[in-house]
């Protein structure tokens, strides 16, 4: 295959997957954005996590909430649980790698918080264990995964399953979803005067 054809095939497939995903999930995206905004407005926070490329997506999305996305506004509390090397290696060394997110959810998760687990395969044991802990503690849980992620999908309150088995296409859709959710949450919280008053300035 010529280089130009390979480039064209990659971006066309990326566009196709995203178009199908967002067409099928537009109502769910709106619902989840409202749930996240409600949690943040009532003093909750976001705990988000994943492995590898999904870890960088988690860090990226958390940064957009804590800093800003498109609006000048107060920071919103979001913690990527895959960023603290001391915590991660201590848990993995003393217990098991499958516990690295679950123990953090136990330590940091509080009533009203939102947990977002990102796994392209939907079978990452450490992500699934953390979701199980979140459910036991009464936290709302959201998954970013793919159509093959039945294990994770079955555990969460809200699941976003990308209609692809190609990891790059799945991850490209996940970060776009994260951006859209952040933009919607900003719009909800900072365009509604009543919500603005409740947030800590």
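Numbers run from 1 along the shown chain.
Cβ atoms here come from the backbone N, Cα and C positions, even for glycine.
Taken from Swiss-Prot as is:
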BINDING   51, 52, 53, 64, 93, 94, 119, 120, 121, 124, 171  substrate binding site
BINDING   60, 64, 171, 179  Zn(2+) binding site
DOMAIN    36-195  domain 'SIS'
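With every protein chain in view, the residue among the binding-site residues 93, 119, 171 whose Cβ has the most Cβ partners within 10 Å turns out to be 119. The Cβ of residue 53 (substrate binding site) lies under 8 Å from the Cβ of 120, 167, 171, each on the same chain and at least six residues away in sequence.
Other Cβ atoms within 10 Å of the Cβ of residue 64 (Zn(2+) binding site) number 19 in total over all chains.
Mean pLDDT of the predicted structure over the domain 'SIS' (36-195): 97. The Cβ neighbour count for residue 51 (substrate binding site), using a 10 Å radius and every protein chain shown, is 20.
Note on proximity: of the binding-site residues 60, 64, 179, the one nearest residue 93 (substrate binding site) is 60, by Cα distance.
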